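Engineer: Following this message is one structure expressed as structure tokens.
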Amino acid sequence: MTPKLILASSSPFRRMLMENAGLSFEAHAARIDERAVEAPLENAGAKPDAVALVLARAKAEEVSSRFPDSLVIGSDQTMSLGDSVFHKPTDLADAASHLQALSGVTHRLNSAVAIVSDGVVLWEHLAHAQLTMRPLTVEFIARHLARVGERALSSVGAYQLEGEGIQLFEKIEGDYFTILGLPMLPLLKKLRELGAIDG
């Protein structure tokens, strides 16, 4: 019997990616405090990609504890600019600060995914993308945030590449799915290997 697939996420974008791929799954948000997990890692000097892996694993493990006979997919994404790690902005002023810091420079997205079953990590994967934002004026940032509003608070970096955020960039290197926070091609390959989807 094929195990039930569960996405350990409340993200509508991650759900959309899995739905668009034709996967049959349930989505259940992980009951973890992400900041409580990542703060000690960051304080210890963990790299942003390592933090993403730990969070992806933690989300999948928590949901797996509630649905032990399922294959649980956890994912997370961190964003870094040099040694600085960015988190989702807390308000529109914070979003403006993020966009000002990213203006005219290249930053990195680190997207991690893990599969857990019965509390055991079966697989994990990390992918990276490099994004270069075009130079933005303070006035343009204000107009952009006025248009997108609270949506800017739902992603690290205060942009949503799948929407108006694409207008902020001049160069992107990396897989589209990695940028959206769920590396679909390696995930689908692993799900086929595990017999969870037809292949």
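Heads up, the Cβ atoms here are built off N, Cα and C, so glycines get one too.
Quantities reported herein were computed from a predicted structural model and do not represent experimental measurements.
Relevant sequence annotations retrieved from Swiss-Prot are reproduced here:
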type     : residues : note
ACT_SITE : D76      : active site, proton acceptor
SITE     : F13      : site 'Important for substrate specificity'
SITE     : Q77      : site 'Important for substrate specificity'
SITE     : E162     : site 'Important for substrate specificity'
Engineer: Among F13, D76, Q77, these being the recorded positions, pick the one whose CA is nearest to that of E162 (site 'Important for substrate specificity').
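Structural biologist: Out of the listed candidates, the nearest Cα belongs to F13.
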Engineer: Tell me which residues of the chain lie with their Cβ under 8 angstroms from that of Q77 (site 'Important for substrate specificity'), as long as they are six or more apart in sequence?
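Structural biologist: The answer is A52, L109, N110, S111, A112, V156, G181.
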Engineer: If I restrict to non-local contacts, at least six residues apart, and a C-beta distance under 8 angstroms, what lies near F13 (site 'Important for substrate specificity') in its own chain?
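Structural biologist: The list for F13 (site 'Important for substrate specificity') reads E162, L180, G181, L182, given in order along the sequence.
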Engineer: Quick one, of the recorded positions D76, E162, which Cβ has the fewest other Cβ within 10 Å?
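Structural biologist: Result for the recorded positions D76, E162: minimum number of other Cβ atoms within 10 Å at E162.
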